[in-house]
Amino acid sequence: MALISSLLALRRDARILKLPPYLSALLIIVGVAWLLVLPLNEYSRNTYVSENALLPGQVHTYFTGSEHNVFRAYRQEVAALPDLSIEERNNKLADLFRESDLKVAKQKYTYQVADTNISNENVYAVLQGPRADATEAIVLIAAWKNMADEVNYSGVALVLALARYFKRWSLWSKDIIFLIPGDSTSGPQAWVDAYHDGHDPRTIESLAIKSGALQGAVAVDYPAGPWGHRYDKLHIVYDGVNGQLPNLDLFNTAVSIASGQMGIGCTLQRMWKHSDTYEERLQTMLRGMLAQGLGHATGPHSSFIPYHVDAITLVTVGDGWHDEMSLGRTVESLFRSLNNLLEHLHQSFFFYLLLQANRFVSIGTYLPSAMLIAANFSIMAIALWVQSGRPAPPPNPTATKLVKKPLKKLKFDGRHYVEVPDEPKNEKEPSDSDKKEDPTENTTDTTPPVTAVSNNGSTALVPTASLQVTERALLLPLLFTLSTHFLGLLPLYAFNLTPAAELRPIFIVTANILTLLPLLTAWLLRFSFAPTPQQTTLIQSFSLLLLGMFLSALATLNFSLSFMVGVLCAPLSFVRERKGMVASGVWYAVLVLLNPVMVCQVACWVAGVGVEEVLLKASEGWAVWGLWTQVVVWGVWFPAWFAGSVVVALGFFPE
Amino acid sequence: MPANQQTALLYGGAAAVRLLLFTAFPSLPNLLAGRVEVSTPVTSFKRLQEGLFLYTHNVSPYDGGVYHQAPLLLPLFSLLPNPSSHPFATNVVFTLVDLLSAYVLSQIAESGQSTVTRLFKSSRKDLRWSSLAVAAGFLFNPFTITTCIARSTSALTNLFILAAIAKACQGASLTFLLSLSFASYLTMHPLLLFPPLLILLYDALAQRSKSAPSPLAFTAFHILGLAVVIGALLSASAALTGSWDFLAATYGVRLLLPDLTPNVGLWWYFFTEMFDAFREFFLGVFWLHVASYMPGLTIRLRKQPLFVAATLTGIFAIFTPYPSIADAALYLSLVPLFRHLFPLMRYTFLALATILYATFLGPAFYHLWIYAGSGNANFFYAITLVWSLGLSIIVGDSLYAALRDELDVERPELRGKEVKRI
């Protein structure tokens, strides 16, 4: 009871309102620092294979010897294909599959992205598992062109050789699908969409043959030409579209087979050299977060993951002594492991950050970091809400005592309950001093106005102040916050539906508009609605509340995106309507630099890629992969930024 | 702007928003009708379509085990053109249902029973929102709009519940009996609203005619009336479907919870985990729990029957077996009637923030569980707990405020003082 009453007393304390900005800042700092300690041994764990059916590397692999000659023959065949048309090339590939006694089908697809057509054709073959009942399948992919737009000669040849080799085994208890998509991103997307009947039949052909539920997919990217190339390491790519990740067991199996059984080093996130230092672990993690946050497709496997099909891509990198046969054996062993699966991969983690090939951080350890940052916005929203409910300071009374402590007076005015002096305790000072002042206030110079309330003949005198309620004018802030969220739809549509050539001009126009729009809105707001300070506070409160809410929901779906947006929005917790041009100008400049378009521009400049290229990819993501990073940018980040900027810009137009 | 014009603007705007959403996003109704938060097994429009198909092909609609809604909905909806090919008529019907609900809600607000009843006059009675604002709160509540777009039959139940309350406020016995019977016929649990609404009706009549009718005869007459109307509805249903099988398929399902499809309530998860041996016992306990609020609240808040009815709809939105956001929408649109209690409520922001968070996290966690496969049922259940917590905070907090308001009238000298429960 004592605790509750002391907490209630604390609630009445004006000083409690001074706390939230510091608390928010603390949460942001802790949130970022949290991320920085994750690479330490104390906070990360070694990976382990959780699903015991996988038994990685427990089988002997036989893809050697004469299979090498077969592979080389296929590679020569494939080397003759790039000059042919898509039609002829796929006919040839289909013939090669057919010669291995597999069922073959083809699928044409066309996507329209920024007014240009991406059209190509997939070819795939189905091996019916001798012990399978066609209810489950695993997929082996070699895209005709890899992410760098090189022809995937050896990858395709390896898939052909493995198809012929796998066909002779009697132990497959799942169907195996060999897929050669026309390119690395839209081809697999068209195929996997059509496999699950989620495609648009007008532009994407339906699949002629199908098998059972997909249990896993492995893509091979080995662009070595007809004379081969010995590689150094396998680069395992695992990021799916929208930052979804495959089950960690699949990744672990691949690593454990490649490095344990075959002796091939594994690397990830383009960290070609990784000596397991803190800096390199951190760099790996940050690269992983960036890829996850942007949510773009990183390989042919990416499109499978949204359909809950765990998938990875094995990319050969560097110059070393491993040859195509060791890659083939890796894939063979990996497929033998997947073949063992009794149920869908579910044992291990779906949310993780990898620090190197055998070290990871699980969701329980890293999630608080993004949640703390999201919580900072919620705390500020609550604080601003409470602040908006406090009445404006009353006209200065004559009493010297009250002039000395105007805040104490507040507490008694805006309250509908007066503090009841409880038995004295060792509480905080404020409640003590309150009690001392209580009698003086009610008896001496500042007698508060009283109102007579009568009921059933009995009359009571009640302080008028306790009858007053601080009303919040909610309509304008609510409408403003809602409309800013709808305003975000405009750039969203503009960027996703304009032709490629106009992306650059649109970008520049948007950048200019975004710099000026808050000023214009603030001016209009000031002179048409004349928002009171309370309404400005409420605008900010609502926008921060929504931001905190969106970010905490997003953190469960795409941690990295939520974290990045949270950090970029962090100043919004601290901006206020300032008095004076200079303060407003400084804050406004800070916000202008942090608007989505400006951040995109700077990020492109730092990364050394063209803005157009990024916009085109984003447009492709929207049209092909179902990417929703843009929705977050324009539906979460932009409205919050806009509301904050307008609040700051109001400082330029004093009442 | 004159009041008429404002009313026209409000209703026109609400209708326009709904019809615009229906026509601009033709796939939206189906998408929402498939969401577990909006459509439960006992209110889903998809299931209604299935029932309609069977009904129009002269098969008992309950044979498939899919349709669990009242039989009389079938002839009503079979009059409309097929919604999968010509959805416009159905959309208009659901839009009209919402407009009608808003209209009866504004009648409740106009009656003023929320602040001044026969036995009680709130000291803050001047603090209230206009009936137009209350109607706007209902019409533009995103939950109401979602329910309307999903074409969930809860919209009809809500209409009848609101109509029953409105007629009780106005002291119109017959229409009150009819509306409440329809509501109870459709979803059963509104029957629990009968006692508080009966008191409300009695108060309204007594206020109007000065000479209060005899309470005993009044109660007996209305209980009889309710039984007759419900009996007539049930007999009509039996005549329509040719057997009494519909009782087990509709009320049986509501009572015994055979369909454990997730929803925003608290029952489904509990009963998926339950050993069969305990099922009957806990069904009894859960139902007893829901029902037990009614007598307690009715007796304690005898002087404010409208508040009891509103609070009970909140209880229904939390504790009934198949709640959806439509039930929450009904409760949240009744709460603004008690604007005078808002200054006494202590956790408004917390409760609203909780509900908002749950609204966004719920679909996210459902996605993780069902589509991404990276979460599990506990994720979604956790969020339904948060959702129920948010609603319970509003229910509890408004109860506190109502009691405090009564105390302020009884003991004006305590006004503004901190009170302690002993």
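The backbone N, Cα and C atoms fix where each Cβ goes, glycine too.
Automated prediction, rather than curation, is the source of TrEMBL annotations.
Database features, via TrEMBL:
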- B:6-25: transmembrane segment (TRANSMEM)
- B:129-150: transmembrane segment (TRANSMEM)
- B:159-180: transmembrane segment (TRANSMEM)
- B:186-205: transmembrane segment (TRANSMEM)
- B:217-240: transmembrane segment (TRANSMEM)
- B:281-301: transmembrane segment (TRANSMEM)
- B:307-332: transmembrane segment (TRANSMEM)
- B:344-366: transmembrane segment (TRANSMEM)
- B:378-403: transmembrane segment (TRANSMEM)
Using Cβ distances below 8 Å and needing 3 or more such pairs, separated by at least 6 in sequence, tell me whether the transmembrane segment (B:281-301) contacts the transmembrane segment (B:307-332). yes
Look at every Cβ pair spanning the transmembrane segment (B:186-205) and the transmembrane segment (B:129-150), keep those 6 or more apart in sequence, and say whether at least 3 of them are under 8 Å. no
For the transmembrane segment (B:129-150), name the stretch out of B:6-25, B:217-240, B:307-332, B:378-403 with the most CB-CB pairs under 8 Å. B:6-25
Long-range CB partners for the transmembrane segment (B:6-25) (under 8 A, at least six residues beyond its ends), listed in sequence order, are 87-88, 91-92, 94-95, 98-99, 102-103, 132, 135-136, 139-140, 145, 148-149
